[in-house]
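According to Swiss-Prot, the features are:
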{"type": "ACT_SITE", "residues": "Ser101", "note": "active site, phosphoserine intermediate"}
{"type": "MOD_RES", "residues": "Ser101", "note": "phosphoserine"}
{"type": "BINDING", "residues": "Ser101, Asp241, Asp243, Asp245", "note": "Mg(2+) binding site"}
Amino acid sequence: MGKYFGTDGVRGVANSELTPELAFRLGRMGGYVLTRHVGEHPRVLVARDTRISGEMLESALIAGLVSVGIEVMRLGVISTPGVAYLTKAQGASASVMISASHNPVDDNGIKFFGSDGFKLSDDQEEEIEQLLDTAEDTLPRPSGEGLGTVSDYFEGKQKYIQYLKQTIENDFNGYHIALDCANGATSGLATHLFADLDADISSMGASPNGLNINDGVGSTHPEALAAFVLDKKADVGLAFDGDGDRVIAIDEIGQIVDGDKIMFICAKYLREQGLLNNNTIVSTVMSNLGFYKGLKELEIEDVQTAVGDRYVVEAMREGNYNLGGEQSGHIIFLDHNTTGDGLLSGIQLINVMKATGKKLSELAAEMKTFPQKLENIRVSDKNHVTDNPKVSKVIDEVEAEMAGNGRVLVRPSGTEPLVRVMVEAATKEETDEYCERISAVVRSEMALND
């Protein structure tokens, strides 16, 4: 990735790193690159999550788009996958989502989608970066009727909800579903969707105020929903992240059902229905060893990619696969949408429950997980973790002790100044000990001095 774009668009602290000035330039440069071959007044959709900085960045971004002659349709607050779907459904030339997903409220981000609803290629992002770095802005500056326009398309939310309902064959009558919307983009979507599907609903994290997105709620804090599920005696819980492209489930006894287990459950069901393309699922290197052992027992093939849903989607498109995702809850059903979609994944999961008549705890128990621990360490330069000799040495030592019965993954985050240390081993005690041993060296060698 380059100077501006990470694995999921441009991100930074809003108003200091991701400034209105940068948003304006991203609108101009990004809009130009994505629409220059379209003709006069190409259409671009713009949406945001619930962060307090969203409207500021939206205004600046739209000004940039309009300045190169683009017709902007504002969707307001809607999930990232909602934007991806509507891009194709509305015949737009491109779309832009303003969100930092699961990151804290101080952060924000800008990510583009092409006319096909997919995230941009590396080449497209590189071209935008080159324009951003050009000293003089020589892009067109139309005037009069050559300028773009701005209109609102808030009814797009309902069109997206109606589409989601068409992807399953069952309603959810008789199910009590607990929803955690992370005080984010699904707050105005999830309850309407599940009510339309005749479910009994209890919701939390659905009162955004601009400052509380992901704050102790959502897919990065599933323990909050676990307690809520038990309190409300719900059959299942679904926790989304700030922009709605992830989901983590909770079963009826309060156990967390992560992305690996959701993918496993859905892969098994799709295979039984003859709907799993090429009998293959795509995952990342972060998926649990138990996930792969479970797939092997079912004789389902797997393809592994680097961490990041964009890499999962690339592999799915290249291999004509229709199911893939990440342990973190990004799950892609490529028959139905072009990116991870928390609402879509949630209804697919509950559809399996309804079709099989099984509780979520029963379905999840069919995949056994290895104990796993993940440490996130804030560092001064995350990209040097792979060539630090002391870090490499402790990893080699731990892997030798494991003797093949576990694994270690140490990598820089694609979206934050963090090094992620992930360890799986035969027992929880070994997992904790190995993870702390490696993390201690990473902290000693690389951690920021607070």
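Every residue, even glycine, has its Cβ placed from backbone N, Cα and C.
Fair warning: this is a prediction, and the values are worked out from it, not measured in the lab.
The secondary structure of Asp241 (Mg(2+) binding site), as reduced to three states from DSSP, is coil rather than helix or strand. Taking the centre of the Cβ atoms of Ser101, Asp241, Asp243, Asp245 as the Mg(2+) site, the nearby residues of that chain (Cβ within 8 Å, site residues left out) are Asp49, Ser79, Thr80, Ser99, His102, Gly184, Ala185, Phe240, Gly242, Gly244, Arg246, Gly340, Gly342. Counting Cβ atoms from all protein chains shown, Ser101 (active site, phosphoserine intermediate) has 30 others lying within 10 Å of its own Cβ. Long-range C-beta contacts of Asp241 (Mg(2+) binding site), restricted to its own chain and to partners at least six residues apart, with a cutoff below 8 Å, comprise Ser101, His102, Ala182, Gly184, Asn214, Gly218, Ser219, Thr220, Gly329, Gly342.
A C-beta separation below 8 Å, combined with a sequence spacing of at least six in one chain, links Asp245 (Mg(2+) binding site) to Ser79, Thr80, Pro81, Ser101, Asp309, His330, Thr339, Gly340, Asp341, Gly342.
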